[in-house]
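Asks: Per Swiss-Prot, Zn(2+) binding site is recorded for HIS118, HIS122, HIS128, and the stated evidence type is sequence analysis.
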Amino acid sequence: MSIEVVNESGIDVAEGELVSVARFAIAAMDVHPAAELSMMLVDLAAMADLHMRWMDLPGPTDVMSFPMDELEPGGRPDAPEPGPSMLGDIVLCPQFAAEQAEAAGHSLAHELALLTVHGVLHLLGYDHAEPEEEREMFALQNQLLQDWYEQQAQLYRDSRLLDKSRNFDE
């Protein structure tokens, strides 16, 4: 799976975490492992321009998704035909996300991880225009994010055990 991140926002973010959470969400949704994703981080002005151009809504927003190929969950690698190769583009605005994070009382890193999962789900056809769609999408988004955090915690614990084991062997 190829995930490219381009940061034109002027804000330093942990790009590796964005790739990790995107990769996790894509795999958890059974998207073909050959799928490609592009992520771009932009400033408020660029996001406001995209928001007006594509959604006809004024002002910036936190995340926008631009699907390329029609993908659906369940595109297992053992399927008879390979899935499409380009999942699409996710555009994030870290400055807008920072304001949301502060209002919600959590870190920018958490907000960007949440928005990355949100963007992946939009690329897969999930929406939140109707109340039932919103409940389904947000529940799935929260579960994926929680599962990713649990995976990260386990990886950290495993690496600490490995470090202790190496020190013991020396």
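We number each residue from 1, going along the chain as drawn.
From the backbone N, Cα and C atoms, a Cβ is placed for every residue, glycine too.
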Asks: Among the binding-site residues listed here, HIS118, HIS122, HIS128, which has the most company in the form of other Cβ atoms within 10 Å of its Cβ?
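Replies: It comes out as HIS118.
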Asks: Around the Zn(2+) site recorded as HIS118, HIS122, HIS128, what other same-chain residues have a C-beta within 8 angstroms of the site's C-beta center?
Replies: VAL63, SER65, GLY119, LEU121, TYR126, ASP127, MET137, GLN141
Asks: Check HIS128 (Zn(2+) binding site) against DSSP and tell me helix, strand or coil, would you?
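Replies: SS state of HIS128 (Zn(2+) binding site) = coil.
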